[in-house]
């Protein structure tokens with residue numbers, strides 16, 4: 001039994017090493033394929049199968065699809081199809097394990113080890129090592145199960161599994177949920193079949209449960225994320241569970257078909273497990289296609305967007321036919337995220353002045369800024385494709401600049417939090433100076449955003465002209481801090497790096513404000 005368990009551990013580790021190495025080797029092409037896939041669910045199906053087969057890591061690809069959905073790059077249907085089809089492509093690993101390559105496990109492992117010693121071929125060497133470990137682990141599992149086949153305890157266990165569909169399916173589900181891999185459970189079923197420990201129908205039930213249970217890792221990963229991400233994860237899990245039921249109810253026909261497919265390629269009973277594994281995942285990814293929109297509507301009813309779901313207020317796809325209207329709406333949305341930055345910087349001023357505040361609220365606003373800025377950029381890219389011109393580019397730059405300001409404000413708060421963790425505190429004068437600098441910056445940002453929203457170029461010029469004065473003020477604050485250091489002030493010496501870094505961040509923020517004012521002049525100096 002321990003030999004079989006060791007074989008399973010070796011197989012899981014080999015599968016992880018193989019998929020990691022292939023992912024590194026195919027990373028560039030795979031990312032380009034995924035970028036191409038986000039446009040349509042049909043592309044997503046092809047890309048998922050291809051990338052899944054190339055990397056043998058469907059879980060990572062499914063998590064990537066969920067991330068793309070959360071970022072607004074892929075929709076629900078595209079993300080769901082990408083994850084399901086990746087499972088189908090990744091079954092190639094089990095097909096490899098079912099071939100006679102198992103006899104070459106140790107030579108493959110040895111060649112892989114030798115290649116991994118050479119820097120130039122390290123990735124491919126690790127991939128070959130992973131393949132060798134996978135094949136060797138499968139062989140060890142088969143050998144480990146052989147002595148157990150005739151034991152009384154195993155006979156009782158087998159009778160319990162063979163007598164009903166529920167227990168082998170449930171066992172496969174639980175194992176896949178724990179291991180995070182449908183391939184690992186299918187490999188276990190393959191080894192049990194090869195050692196005659198389980199019949200083919202029972203092994204297929206174990207595989208079907210594993211295919212369904214592998215979606216649990218996505219549900220756990222998506223639990224505390226956006227409603228859209230959770231919808232994708234639960235739809236993936238639910239579809240795999242529901243789609244396994246017809247195979248369960250028509251198990252004799254499924255077993256016979258799997259055997260025929262295995263014989264066509266010259267494989268034995270264990271090959272039928274691999275063929276059944278492939279057939280289930282491939283059909284699950286294919287038959288979901290005509291049901292994508294009903295599933296989307298159902299999941300929206302079950303998991304509606306909550307108040308945390310952030311979406312553009314003014315952007316309209318219908319307005320893209322008019323360059324002027326779409327640009328104006330995008331400008332309003334840019335102004336909206338500008339208001340969020342004002343609130344963030346206002347909170348930062350309070351935290352700098354009082355030494356306490358609500359960083360969680362600032363983090364929430366930064367998330368909102370990031371999502372809205374991304375939506376604006378994607379909207380303007382579509383506008384630019386339809387109506388080339390300078391306005392979309394300038395607005396894109398403005399949205400990006402404001403998003404960058406959000407990152408800088410968060411840097412201010414992280415510096416403050418780090419001081420709290422170290423039980424350090426700025427000197428009273430130092431904190432006052434930092435607060436005053438942040439207040440001046442807040443006022444300049446307010447004027448800049450007003451100029452951007454109203455088209456008042458006089459205000460924009462005023463902000464641009466005020467840059468030199470802000471630089472001089474920040475230089476004075478550095479000199480003031482240096483004087484406190486020369487006086488040997490304990491608080492100043494303890495917090496000097498944080499103090500100087502905050503002055504740099506404030507200077508970078510002011511540069512962003514100045515650039516935004518210049519963009520405002522550019523935007524309103526031409527027709528939108």
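Placement of Cβ uses the backbone N, Cα and C atoms for every residue, glycine included.
Given the ranges 10-29, 130-149, the record in TrEMBL names 130-149 as transmembrane segment. When the ranges 203-223, 266-286 are checked against TrEMBL, the one recorded as transmembrane segment is 203-223. The stretch with the most CB contacts under 8 Å to the transmembrane segment (169-191), chosen from 68-86, 92-118, 203-223, 229-251, is 203-223. For the transmembrane segment (68-86), the list of distant contacts is 34, 37-41, 44-49, 51-52, 58, 61-62, 218, 225-226, 228-229, 231-232, 235-236, 239-240, 281, 284-285, 288-289, 292-293, 295-296, 299, 371, 374-375, 378: same-chain residues at least six beyond its ends, Cβ to Cβ under 8 Å.
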